[in-house]
């Protein structure tokens, strides 16, 4: 079937008036490559140019007012090519002086007794408006004098040019309707054609809100249709592996562990085991705070797979993390399981032998990085794929690993506790297990906040920990100094400063510009206590486990979000020793102060993630480009979570009733297939 589009155009992008080769190249830089892209390039905000009554305006407010020109404008030139135009208007029965700087050409346009609309800053005492925009009363400008769309543009493209291009395209395209008449009527929604037109050219605020609501619901509904369809495919597949593990051997393994499972771990194990026994493929997210013991839960599941005759795989984001997992699992399993490590560093004969053992079934459990998804990595009988910190992998990487075991069971793990509203959006098709309990014997990390002038006192506190034979992390937001952020400390300067205080051999440096090999070497030295202090950027945020590290200093902590601060803090507090986290910050904003205060009040990652989401929004919560969040143009999973729930219910009803598979929805089914390529629909 040919490509299905939401928007169809009778001509190509370069046929629109004013779009030549140069403009075409600039538009492509904005990711506008077709007429459909152009029409869906929505404004980022709107300038409110609604005319108001000047009698009601506050002093020093930016106002848009309409009045009659009652004096001829005058222009005074001064300085080098500078000018001041003065004109008097009668506005709402008030005589007002209006001034415009460096716009002398307006003199010819401002005719005596004409009606004009002016936008500028109102000075009540002087009865004067410092103007920055003027609208003359021809029809085109009248349209702009209400809610004016503002687009993200780049040098070489003007707002007006882009608005004109979009206006022409909108007059000629066909916009298909995805929502049924019944659904639109039920929730009082507009047609998509009217909605997109309005988002570009709103008549008023109420009209704009209705359009935004319609488009957001359409996006969420389409997203949920994809989720629900995927659910149906998962549950009706006859390829799913049913794991008949040996429960007695599993119990013996759990009893042999050198510690007792927490109640939360036991609940998670039982939930996963129920999934493994079911005749449908497991698709579960295991989320738990830093240090909550997710790896032990994963290990028990891997052991269960071994007793059932299946292999398991664990994919993690970094080599150092893969090595740590492999080492701890080898110790945990002893001779009961054959654990292997596959990273980019494993090469030549060693790699060939490992792949041979994997394919013939000698290896029970394979731990690795993205090296696991290479074409020559073939499993004998994989029954469980575990991905750690899954929002740090691209969707395609996860999909390839999953497909190495056809319809194998999938467990995703994350130490970033995800608020319920976001979990629905990111992992909507998954069941979720949460570990909200720390293992016995762990002491809560003591978190404090110090100002920059208290730095020496913080150093003294760190020195006390080092004297006990412990280790410390020192975290900085920047790698090198920045002219834009002169007051922000950088990691290289701080590293050099600490070297002079503690000696070159005792201080290590870690940042994102280093090669993977150099980073691993530094982390290895820190793990083996060859280094006392590790000065680093946030590259240590994920999964690094050095139990002897009990002190963390985070410099310029107000530069980080709550979730990042919490993940960083989680690098300490990983043993029975008391750990400390000191935030050094002198925040200048209310948000910065609030963030520091919250961090000192709670160590609950679930509570912090909710607060972080409220303060920063979903894109920042996960980090740009890594999030796995659906790429909505209008909808916001936090602000629109109630709408998301309604969309999910409606999508579930459409699929479960079977209506979705009728002829009338064939166009929609094909669109979802073609535009969500990372999902298998066969």
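Using the three backbone atoms N, Cα and C, a Cβ is placed for every residue, glycine included.
Feature annotation from Swiss-Prot assigns region 'Wedge domain' to 50-145; the stated evidence is similarity to another entry. Swiss-Prot lists 275-435 with the feature domain 'Helicase ATP-binding'. Among the features that Swiss-Prot reports, ATP binding site is placed at 288, 289, 290, 291, 292, 293, 294, 295. Residues or ranges marked as motif 'DEAH box' by Swiss-Prot on the basis of sequence analysis: 388-391. Swiss-Prot lists 454-614 with the feature domain 'Helicase C-terminal', giving sequence analysis as the kind of evidence.
The Cβ of residue 295 (ATP binding site) has 325, 328, 329 as same-chain neighbours under 8 Å, each 6 or more residues away in sequence. DSSP assigns residue 293 (ATP binding site) to coil in the three-state reduction, outside any helix or strand.
Those residues of the chain, other than 288, 289, 290, 291, 292, 293, 294, 295, with a C-beta within 8 angstroms of the mean position of the ATP site C-beta atoms are 415, 435, 438. Neighbour density for residue 289 (ATP binding site): within 10 A of its CB lie 25 other CB atoms from the protein chains shown. Looking at 288, 291, the binding-site residues in this record, the fewest other C-beta atoms within 10 angstroms of the C-beta turn up around 291.
Within 10 Å of the C-beta of residue 294 (ATP binding site) we count 23 further C-beta atoms, all protein chains included.
Secondary structure of the region 'Wedge domain' (50-145) per DSSP (helix as H, G, I; strand as E, B; remaining residues coil): 13 helix, 49 strand, 34 coil. For the motif 'DEAH box' (388-391), the model gives a mean pLDDT of 64. Cβ environment of residue 290 (ATP binding site): 415, 566, 567, 569, 570, 571, 573, 605 lie under 8 Å away, each six or more residues apart in the same chain. Between the listed binding-site residues, namely 292, 293, the fewest other CB atoms within 10 angstroms of a CB are found at 293.
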